[in-house]
Amino acid sequence: MNIYNKLRAREHGYGNERTYDFALRRLSVAKEDSWRGIAPANYCPDFNPEPPIFSAKFANCDGYRHILAIANEDGKITLQDTTQRNHQPEEQSLVGPQCHFNAVFDLEWAPGQMRFVSASGDHTARLWEVAGSGIRGLNSYVGHTRSVKSAAFKRTDPAVFATGGRDGAILIWDIRANLNMDLTSRVDNCIYSGHTGGPGTPVSQRKQRTRTPKMAGGTTSSSITGLAFQDNDTLISCGAGDGVIKVWDLRRNYTAYKKEPLPRHKLPYAGSSTFRGFTNLIVDASGTRLYANCMDNTIYCYNLASYSQRPLACYKGLLNSTFYIKSCLSPDGKYLLSGSSDERAYIWNLDHAEEPLVALAGHTVEVTCVAWGSSHDCPIVTCSDDARHKIWRIGPDLDGLSEAERAEKYRGTASYVREFGKKAFGPSSGNHKYNLRDLESTPRSLKRLMDQNERTPGSVEKTTTKRSFLEMLGVAGQETEATEQPQKRAKPLESRGRRLFGPSSQETACRHIQLQSINEEDASPSKRQKENSAAEDVSPLHKLLSTPSHSPLSENVNHVYTSPPTTSAAAAAVAADALNPPPISAAIYSPTSNLPNYVLDGEAPHLGIMSPKRKAKEKVDWLTNIRKQKLMSGRAHVTLSEKISEEQQADVLASPRLQSLRQSECSPRIHASPRRRISHTDGGGGTPAGSSSHSHSQSQPKTPTSSRRNSETTLLRFFSIQRSSSVPAEETTTTNAAPSSSDPHPPAVTAPAATPLSMRTPTTAVGSD
């Protein structure tokens, strides 16, 4: 009831608003009102003999508000008249048609008509009409790429409804719209990616034909778990992972949005838990209050008049561990009913949000969906995963019945959770806490219960499992219990991090010496100042060395340290106190106190073998590295080619005439040019000049160096060859002229002396002048 109705009621004399909390205590399930859900389907290969019920809602039409529609996991939907009772000795199952070929997650009645829409896991939503005693399908709406999770009609328009699915899309449908070219229903408005981010369903990146456009890579789509219309132009939605409730203005065309659509208002998650997903949304009759079931075991109430991000109330006490738990309001809007994962359903008085008013116990597993009828007896329906649904009615008081009679006649009873005298109207209602015995009737988590027990004086005392260090000493700690009280552990003086091993006995004694208090009765203030200055002159190292360790592991150490002589009486007193260790309760012992102290002894066996130090890396640039590599390569062993190059360099240093003579006598490449020259001057037979030059060009490629050498020595080689060839030519002429032409056996021609040219080119004929 809103504030306006309250003011009008006060004007008419009805100032005191009365409730019926006492009547809810008498809710019970008679044996005739316990049903076994819908009969299972036989078509599915995964046969489930007890399919759970996912949705149950009463009709929203006058004269038929006692009709209940329920849908199960097999895709079956059936109608039940809640005024009829089951008079059979056993629980009976209802018979319903096969409406979908997958689970039906939600259904919603049209306002003022006997029509309802169903949302299924087969990616479709279907419109049904009640005809006689059965249902008839009117149309199928295909637009989602994943399971359709929720559906909602406009508050006063039975022709427009909205659907939300696991693909993150919210589709607005108008049953009066024309069909598409493929005779499918046309979407009136689309809100794609309404709830993105969080642990939602990842989007597939493979290419496929879908009606829902894909989002950018790396983003996730949060499933649409709840839809509710505030009015005909305002739609409210919630997601499974983003933790935000969004308010959409349907007068905008969200279909034309290419980027993420922007809602008109946002209501972020108001808690501090990581379970921030919402499972269900309901709006009261006035349209000013929004109730949202959250995964953090809380139902949040928001003010829709101002869209404040801070909730008005937080209804606690349930256990919400799945996305199938739903809630509803009473017909008068004064009470809130919700399912729970602890096998119960809970009813809250909206004026007291701290804890539930009544708990309905009768199911054996999680209670998922609930419904509150508006007929004359206001029945309550609870559905569970045990494939049972129970109808709760207000009956007689059961306190006078025995346990056997109650178990025989009833299948569910209600019990108070909140105490009226202390909780509802008491001044200290906010300080009420639970004890361990209340765990059976209160769905509190164990952690929350233990936190409450810490702050409750009369509750079970919490015992710590931690032991102090003195308790772990065992016998040594027990000896001191009789003489003195256990003291708290002293705060360490050093400000650095904690040490892995405790301090040695010497260091403990030194610390105890520093913490020794000075008795004011022993000396005057001036004398105490002198003694303090003298005590400061004694270094802590000398104090430590004055009390050597008596560990058996350090007996082989021959070093004996003695403290330097002091003339001060205060220093001697300090040294005497160091020899007397403090009592066990005041000192802190360590398991390593008797081990050798290599720092004080000055020697350690592991320090003799030290790994060599690494040479520091020299910082040299890349140019210097290249220069060093060239120098190192020059110092390597000399190869045969390098020796030949050194000999050529030695020849260059000789005189030009000596170089020409060496080249003319030894180089075979230089004699190739006179062959070409002789062949040009020779008019007789022999190898043609063209073929000789061609073969030479193939065997000896012409380079700038070789051409330069040939040009420099051409003249010198020409005269040297002419000189060597002129003398043998004269001898051959005189020899050939001696025999006659008639001699049948002419003497053999004696070959001239072999020259380098004739030896290298035996096929070349030397012409005579």
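Just so you know, glycine gets a Cβ as well, placed from its N, Cα and C.
Because the structure is a prediction, the values reported are computed rather than measured.
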Task = Select, from S459, S526, S692, S706, the one residue given the annotation phosphoserine by Swiss-Prot.
result = S459
Key: Residue carrying phosphothreonine as stated in Swiss-Prot, selected out of T212, T456, T547   = T456
Key: From the candidates S221, S664, S711, the one which Swiss-Prot records as phosphoserine   = S711
Ask   = Which candidate in T201, T687 appears in Swiss-Prot with the annotation phosphothreonine?
value = T201
Task = Run through S679, S693, S697, S707 and tell me the one Swiss-Prot describes as phosphoserine.
result = S679
Note = Other same-chain positions with a Cβ less than 8 Å from the repeat 'WD 1' (99-129) and lying at least 6 residues past its termini are 43, 54-55, 57-62, 64, 67, 69, 71-77, 135-142, 144-158, 161, 163, 165, 173, 175
